[in-house]
Amino acid sequence: MRKLLLSTVIAATAATGAFAQSASDVAKARRAFYTLVNFEMSTLGGMAQGKVDYDADLASQSAGDLMTLASLHTADYFAPGSSNEDIPGETRAKSDIWDDMEGLQEKGMAFYQAVAELNEVAGNGLEALQPAMGKVGGTCKACHDDFRAKDF
């Protein structure tokens, strides 16, 4: 069921690049993408923080799903005109993103690399999962600190 949901949402959001999209549609696709990222991060984070029991199979599956998400071409989710200044109340993406696309890309690559490392070790025990999740979380925080507003 999880794979079906993930595949459906990925297909739906990936198709957005084929058509001219409104700023609201771009923001919706971006939020859908990050909702899926958050879902997988919550599963893995719960294990890493000891809030739920570590499960090697589930950790591997979630890390693999996160790797799939990190591998998507997401440039279309950051179309100009889709910041919180352009469409207030619909996104927390700061306009700073479009002033520093290189910085955004660097942070995206750091996320991808950290997720790739996580994907390699997630099923190898809690001791391997925890530092890898810390690194992924650090890449998320770095991007949020620079490019995400606190409120919509």
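Glycine residues also receive a Cβ, built from the backbone N, Cα and C atoms like all the rest.
The shown structure was predicted, so the numbers you read here are calculated from the model rather than taken from an experiment.
If you look up TrEMBL, you'll see Cys140, Cys143, His144 marked as heme c binding site. In the shown protein chains, 18 other C-beta atoms lie within 10 A of the C-beta of Cys140 (heme c binding site).
Here TrEMBL flags 1-20 as signal peptide.
When secondary structure is read from DSSP and collapsed to three states, Cys140 (heme c binding site) falls in the helix class.
Neighbour count (other Cβ atoms within 10 Å of the Cβ, all protein chains): 13 for His144 (heme c binding site).
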